[in-house]
Amino acid sequence: MEAVPPLYRVAGAAGPQGDEDRLGVPDGPGGPLDELVGAYPNYNEEEERRYYRRKRLGVLKNVLAASAGGMLTYAVYLGLLQMQLILHYDETYREVKYGNMGLPDIDSKMLMGINVTPIAALLYTPVLIRFFGTKWMMFLAVGIYALFVSTNYWERYYTLVPSAVALGMAIVPLWASMGNYITRMAQKYYEYSHYKEQDDQGPQKRPPRGSHAPYLLVFQVIFYSFFHLSFACAQLPMIYFLNHYLYDLNHTLYNVQSCGTNSQGILSGFNKTVLKTLPRSRNLIVVESVLMAVAFLAMLLVLGLCGAAYRPTEEIDLRSVGWGNIFQLPFKHVRDFRLRHLVPFFIYSGFEVLFACTGLTLGYGVCSVGLERLAHLLVAYSLGASAASLLGLLGLWLPRSVPLVAGAGVHLLLTLSLFFWAPTPRVLRHIWILYVAAVLWGVGSALNKTGLSTLLGILYEDKERQDFVFTIYHWWQAVAIFTVYLGSSLPMKAKLAVLLLTLVAAAASYLWMEQKLRRGVVPRQPRIPRPQHKVRGYRYLEEDNSDESDAEGERGDGVEEEAPPAGPRPGPEPAGLCRRPCPYEQALGGDGPEEQ
C-alpha cells in the first residue's frame, strides 16, 4: 500500500512539499533563524550613523528656519506698524495725503482689531492647530502677517481694519504653534541622538522624563536670540528712511512738561506735527515693497525649510480625539495646579514686553530725548535681550528656577528705580541712563521668555498636550496686552504699580509651585481621549499603540480594552514579520513616509 503524505508537516523536518516554506526560507533544524529574527540583511552601522546625523542636522535646520521666519515676520510687522502710526500721527501728513478720510479713527479701529481679537483665540487656536498641523498653522499665520503688510499699499478703512482683525486672530495661533514646534524639535533631536537606546528599549518604551530638557533649553535659547533681534530689525525703516523727515526734540517736545513717573497717558503735550517734510509716495512704496519682500521671504522659510513636527500617523492621532474634545481640553487643563500657578507669570510676560515698547521707550525715552532717538532705544533693548538669551544656557548647570527668578529680580530693581525717576524733557545728559535701562530690561525679558517656554516644554512632555499648554500661555499674554491697551491713558505711577504687583505675585506663585512639586504633589491632568479612527488601516495594527497617550502608558489608568472577536485566534506570525523596523531600516526598505 502506498504511503499517504501527512496532512500537516512535522516541524523541523523537510517533507515532500519542498525544502522551503512560504517565506522562501529553508526549513529544518539547520534553517537560518537569523534570516527571520536577526538584523536587516542590508544593515550597515556606518550608514545608520550617517543617516541619524543627517536627521539631527535636519532638526537643527528646522529650528533655525522657524527662528529666522519668526524674527522676520515680527520685524516686518513692528517696523511697518511703527512707521505707519508715526506718519498718521502728523496732522499735516493726514490733511495733505488723505484729507477728511478720518485716518485717526481708522488707526484706532485698527489697533482695536489687533488687540481685542486675540481674546477669542482660546476658542479656536487648538482646533486650527490640530486641523492644519503645526507647520501649516505657522505658514498660514505668517501669510496673514504678510497680508497685513500688503494692505498698506492702499490705506483705506476696508483694507486696514479687516486685515488688522485677521492679524489679531493669527497672533495666538502663530506663537502657540511656534512654541509647540520648538519643543517637538527638541524631542526629535533626542530620539535621533539616542537611537541605539531606543532600539534596545523597544518601540513601546518611551524616553525617560526630562531626557529632552537640555536640547529644549538650547533650542529655546536659539529661538529667542533670533526673536529679540526682530525689535532691532524693525527699526531699519526708521533709521534709514523716516528719521530724515523728523523734526528735532526742540520742536516735538516744546509743550511737554513732565516725563517718566510724573507723566500721564502716552506723550501728553507732544507736538501734532513731527514731519518737517513729507516723504514722497514713491519712496513709501519702495519701503513697503521691501517689507513685503521680507514677509514673503519669511513665508518661504517656513514653507520650504521647516519640516513636519509630527509623523503623518501622529497627526491623524492628534486630530482623531474628536473636535469637541479638542475644543474643551484647554479649559480642562485649568485643573492642573502648575498652570494655575504660572498664570501670573503669563500675564506679566505680556505686561513687560508692552511696557518696554510703550512705557519705557515712549514715557521715559521719547518724552525726554525726542522721537528721533526712539529707534536707538529699541535697538539697545533688542540687542540686550538677544545677547542675554544666551544666559538661559546657565539652566544646563543651575536649577531651572534660577533664570526665571533672576529675570524677575532684574525687572523688580528696574521698576522700583523707574518709580522714583522723572527725566527732564529736552535734556540729553541723562540719555546714557535710558540706554542702560533699555539693555537691562532686555536682559530681564530674555530670561523671562526663555525660562517660561523651557519650563512649559519640560513640565508637559506629552505630545497630546503641548499645543493646549502653549495656547493657554500665549492667550494669557494676549489678555495682558489687551489690558495694557485699555489702560494706556493711566498715569505712569499706576502702570508701574500694576507691573510691580503682577511681578511679585508671579514670582511668589511660581516658587510656590516649585515647592509643591518638591513635596511630591501630583498634578491633576485631564485625560486625553483615545483617538477614534473611522478607517482602520494598516498603520493602526502595529504592535506600537499610537492611540495611547504618555500619561496612560505610564500610569495604566485602567481604560478598558476592546474584547477580542469570538472564534479561533490566528496562529502566530514569524518573529521577523512582527518586528517593527527602525526609521533607518524604513528608509532603506521604503516602509512608509518618514518625516523631515
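Numbers run from 1 along the shown chain.
Heads up, the Cβ atoms here are built off N, Cα and C, so glycines get one too.
Just so you know, TrEMBL annotations never went through curation; they're auto-generated.
Database features, via TrEMBL:
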type: REGION; residues: 524-596; note: region 'Disordered'
type: TRANSMEM; residues: 59-80; note: transmembrane segment
type: TRANSMEM; residues: 110-129; note: transmembrane segment
type: TRANSMEM; residues: 136-154; note: transmembrane segment
type: TRANSMEM; residues: 160-182; note: transmembrane segment
type: TRANSMEM; residues: 215-242; note: transmembrane segment
type: TRANSMEM; residues: 284-310; note: transmembrane segment
type: TRANSMEM; residues: 345-366; note: transmembrane segment
type: TRANSMEM; residues: 378-397; note: transmembrane segment
type: TRANSMEM; residues: 404-422; note: transmembrane segment
type: TRANSMEM; residues: 428-447; note: transmembrane segment
type: TRANSMEM; residues: 468-488; note: transmembrane segment
type: TRANSMEM; residues: 494-513; note: transmembrane segment
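Take the transmembrane segment (468-488) and the stretches 110-129, 284-310, 404-422, 428-447: counting Cβ pairs under 8 Å, 110-129 has the most.
Counting Cβ pairs under 8 Å that are 6 or more residues apart, the transmembrane segment (284-310) and the transmembrane segment (110-129) reach fewer than 3 and are not in contact.
At the 8 Å Cβ threshold, with sequence separation of at least 6, the transmembrane segment (59-80) lacks contact with the transmembrane segment (345-366), having fewer than 3 such pairs. Sequence-remote contacts of a segment are chain residues at least 6 beyond its ends whose Cβ falls under 8 Å from one of its Cβ atoms, and for the transmembrane segment (404-422) they are 258-263, 345, 352, 360, 364, 391, 433, 437, 440-441, 443-448, 451-452, 455, 493, 496, 499-500, 503-504, 506-507, 510-511. Between the transmembrane segment (136-154) and the listed ranges 110-129, 160-182, 215-242, 428-447, the one holding the most Cβ pairs under 8 Å is 160-182. Between the transmembrane segment (345-366) and the transmembrane segment (160-182) there are fewer than 3 Cβ pairs closer than 8 Å, counting only pairs 6 or more residues apart in sequence, which means the two stretches are not in contact. Ranking 215-242, 378-397, 428-447 by CB pairs under 8 A with the transmembrane segment (160-182) puts 215-242 at the top.
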